[in-house]
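So the structure is just underneath, and the comments pick up after that.
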C-alpha cells in the first residue's frame, strides 16, 4: 500500500494497475484535481474563483456536447427536463434539513416561505389549467409539500426558535441569536 495526495491518507494498492506508469498517471491526475483526496466532501469547498469557473466551464461543455449529440432522443430530452424540474422542486430541502438538524427555525423568514407557497400554488394552478405533462404536476406537488413541511417546522419548533442558543449549527458549535447561522439557505 502507498499513500498519496498529502491531505488525507488515502491508500491504493499498486496491484490494481497493470503498470507502474499507469498508476503514476492516475495518481497525478487525482492529486491535481482532488488535492485533499476526497472529491465528494471537497466538491463545494471552492478555494478560489478560478477553480469554480473551470469546473463550471467543464460542466457546461460536457452537457452542451451531450445535448448536441442526443438532441433527437426523446428519452434524453425528457430525462434532462425532469432533472431540471426536480432540481427546482427541491430548492427548499436544505432549509428543511437545516431546521430539522437545529430543531429551530430561528432566522428564517416566515413571510418568505408563505411567498414560496403562494408562488408554488399559483404555478400548480397554471399547470392544471394548461394541462401540463405529469412531471410538472409531480414536481409542483413536491414543492408544495416541502413548503408545508417548513411551515410545520415553524409550529413544531416554535419554543426552540425563541431561545437565545441554538442546539445545532453546521459545525456542531453553539451560536447566539445575533448570529447569521439561521439565515435562509435558499
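All residue numbers here begin at 1 and follow the chain in the order shown.
Cβ coordinates are placed from backbone N, Cα and C, and glycine is handled just like the others.
Pulled from TrEMBL:
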type	residues	note
TRANSMEM	49-69	transmembrane segment
TRANSMEM	75-97	transmembrane segment
TRANSMEM	109-128	transmembrane segment
TRANSMEM	134-157	transmembrane segment
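With a threshold of 8 Å between CB atoms, the same-chain residues lying at least 6 positions outside the transmembrane segment (75-97) that come near it are 63, 66-67, 108, 116, 135-136, 139-140, 142-143, 146-147, 149-150, 153, 184-186.
A Cβ distance under 8 Å defines the sequence-distant neighbours of the transmembrane segment (134-157), meaning residues of its chain 6+ beyond its ends; these are 78, 81-82, 85-86, 88-93, 95-96, 99-100, 103-105, 108, 110, 113-114, 116-117, 120-121, 123-124, 127-128.
For the transmembrane segment (109-128), the residues of the chain that approach it from at least six positions outside its boundaries are 92, 136-137, 140-141, 143-144, 147-148, 150-151, 154, 184, 186, judged by C-beta separation under 8 angstroms.
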